[in-house]
Structures are given as C-alpha cells and as structure tokens.
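Visitor: Take a look at the following structure, please.
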Amino acid sequence: MPSKYRNFRSSVPWIILFLEVVLIILFYFLFSDDDDASASTNSYPAFQDVNHMVIFGFGFFLTFLKRYGFSSTGFNLLIIVLGVQCSVLIEDLLVLLLQREYKDGLQRITKAAVSMTAVVISTGAVLGKTNPVQLILMAVVEIIAFHMSRSINTTFLQVPDNISMVHVHLFGAYFGLAVSSHFSEPSPRTEKNASTPKSDLLSMLGTLFLWVFWPSFNSVLLVEEKTKAIYNTYFALAVSAVTAFVLSLLTAKDGKFRMTDIHSAVLAGGVTVGHAAHIIEYPWIAMILGLLASGIAILGSYCLQRCLHPALKIHDTSGIHFTFGLPGVLGALAQVVLLVL
C-alpha cells in the first residue's frame, strides 16, 4: 500500500494480531487431537502436495497483473495461513455440535488446506480491487459458508465427505463472482489490468505447479480407489492440455499459440474429473471429459467476457468463471450421469 495510507498502516497490523490472538484462544478450548496419530488416513507427502499447490501454485497463478505481483503472492499466503486455522476450528466446532467422530490432526489440516482452495479461487475474481482487510474478511466469511454448505450436504443429502469437499471449485468460482459484482471495474487508464511478459511467465509457472500436483489434490481425501483417481485425473489433464494448444491455434487470428488461453484451459480437465475421478472405470471417459472441459474453458472465455459479464456488470480479473466455474459445472453433471448409469 502507498505510504499515504497512514491509518491503514497503523490499524491493519493490530487487526491481524487481534484475529490471531482470538484463534489461539479458541484453539486452546476447542482443539483436541487423537491419541492414535499413526492411524491417519492421510500421509504427510499427500498433505505436502496440497500445500505446495495452494501456496506456490495459486500464489504464482495470480501474478499476471504487473502492479500486483507481490500483492498476489503475499496476500495469498496471508489469507491461507489465517484461513487454515479458521477452517480447522470451524470443522472442530461442527464435529462438537453434530456429535461426530474426531479426525486425526493431519487429516484435519489437510481438509483445511483443501477448503482454502475455494478462497484463493475467489481471490482471483477480486484481485487488484481489494485490500488485505477486505480479503481476510472475505476469507473468513467464505470458509464459514463453505463449511455450512458441506455440513448440509453430508447431513441432510447424505453426500460422502470426500465428494462434498471437491465442490471447492464451484463454490469458490461463484462466491468470487458474487463478491466481484460489488466492486467496480478498474479504469483502463490506470493500467491495473495490464500485464508484462515477466508477470505472464510467473503466472504460467503457477499453472505448471497446479498441473503437476492436481492428481494429488483429487485423491488426497480418498481412502479407497486412490490410484484410480490419480490416473484418471492425469489423463484428463493431459487431454485438456493438448486440446488447449489445438483450440488456441485454431481460434487465433495471427495463427500463433496464445498463452492466455492455455493458461486458463490446461487445468480444466483436472477440475472436471475431480467430482468423479474415483468412480470412472475407463480412462477414455476421463479423456473425453478433459477434452470437453478444455473446449468449454477456451470457447466460454469469449462468450462470457463479451456477452455475459458486461451484462451482469461482473469484472472477473483472472477468468475464474471459465477456468474453474464452468468446468466444475460440467464435472458435477458428469458425476450425476455416471452415478445414474
């Protein structure tokens, strides 16, 4: 923030410190760990993959704005470390109220890291238009709403716990779009939406991080069928990456690859199969879903940015609607069809 924001500089550290003190006090009264830590259904390498994906992957994924490179990575780390603590506490509180069985500490922190994916996806819609206090407030409200949604799904709709968790893409995308609709679009004269080759390169590096670790993300909470989820996710990601290059070349006026399209479409396959990766019996089904997801991401970007978003007065900074929202809708529909069949 510029130096003229003296009130901001003097108040924000105390707000963050107060929030952390409250979290420490709540942890003292609410957090209880299992004695049998060796019986964890999650391994540390799996948690480490998810942690790398959330910190490094999404941190660099949002660095494409030339004036917000440090803000995107720094604010991303700030809201994640605070949000994970909030997520663990909310999960413990729901377990206490609903009288469920406590999970081990490693599984709780893994689920908290996965839950924070919804928040960092939402951050992509409001990047460059919010300050740290607004982002922290959005993170706390969103993580509470996400856990309430999961609780309704698992309690009343009898949705399995791992299935309710993979709705982070849908929830994060449309929660972020709802928040973004309350912020005005930056003026083109301010060049806040501009990027540079260096910022685009760092953003593509974040995409590569996400692409590499996405199979672990889709399988981290599974006890059975973990291997099936991993290779189905990889095939879907591979086909979506190939389709992204093909469609980028076919739709380009100058006959060259556009890294903007590839940046947004190579992850669409992983988002789509996240709902049903563990129940897909044949790899060709995952490959078809990856192809459709990539096509929706690239072709949808033109329709949404030119038609829908201006009509609804939504400014989607990083294109989370067609990167995570629409592929998530496709994945949810595919899961319903596969379960029916």
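The backbone N, Cα and C atoms fix where each Cβ goes, and this holds for glycine too.
For reference, TrEMBL lists these features for the protein:
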- 17-338: domain 'Ammonium transporter AmtB-like' (DOMAIN)
- 12-30: transmembrane segment (TRANSMEM)
- 50-65: transmembrane segment (TRANSMEM)
- 77-97: transmembrane segment (TRANSMEM)
- 164-180: transmembrane segment (TRANSMEM)
- 201-223: transmembrane segment (TRANSMEM)
- 229-250: transmembrane segment (TRANSMEM)
- 286-308: transmembrane segment (TRANSMEM)
- 320-340: transmembrane segment (TRANSMEM)
Visitor: Averaged over the whole of the domain 'Ammonium transporter AmtB-like' (17-338), what is the pLDDT?
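Guide: Across the residues of the domain 'Ammonium transporter AmtB-like' (17-338) the model's pLDDT averages 83 on the 0 to 100 scale.
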Visitor: Using a Cβ distance cut-off of under 8 Å, indicate which of 12-30, 77-97, 229-250, 320-340 has the most pairs with the transmembrane segment (201-223).
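Guide: Selected stretch: 229-250, with the most Cβ pairs under 8 Å.
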Visitor: Are the transmembrane segment (320-340) and the transmembrane segment (164-180) close enough that 3 or more Cβ pairs fall under 8 Å, when only pairs 6 or more apart in sequence count?
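Guide: Taking Cβ pairs at least 6 residues apart, the transmembrane segment (320-340) and the transmembrane segment (164-180) are in contact, with 3 or more under 8 Å.
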Visitor: Counting only residues 6+ away from its ends, which parts of the chain sit with a Cβ under 8 Å from the transmembrane segment (229-250)?
Guide: 211, 214-216, 218-219, 222, 256-258, 261-262, 265-270, 272-274, 277-278, 280, 283, 285-291, 293-295, 297-299
Visitor: Could you pull out which residues elsewhere in the chain have a CB under 8 Å from any CB of the transmembrane segment (50-65), counting only those six or more residues past its ends?
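Guide: Counting only partners 6 or more residues beyond its ends, the transmembrane segment (50-65) has Cβ contacts under 8 Å with 72-73, 76-77, 80, 110, 113-114, 116-117, 120-121, 123-124, 127-128, 192-195, 199-200, 202-203, 205-207, 209-210, 213-214, 216-217, 220, 263, 317-318.
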Visitor: Are there residues at least 6 beyond the ends of the transmembrane segment (77-97) whose Cβ is under 8 Å from a Cβ of it, and what are they?
Guide: 16, 19-20, 23, 26-27, 30-32, 54-55, 59, 103, 108-109, 111-113, 115-116, 119-120, 123, 132, 135-136, 139-140, 143-144, 147, 151
Visitor: In the same chain, who gets a Cβ under 8 Å from the transmembrane segment (320-340) while lying at least 6 residues past its ends?
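Guide: Sequence-remote neighbours of the transmembrane segment (320-340) are 121-122, 124-125, 163, 167, 169-170, 172-174, 176-177, 264-265, 267-269, 271-276, 279-280, 285, 289, 292-293, 296-298, 300-301, 304, 309.
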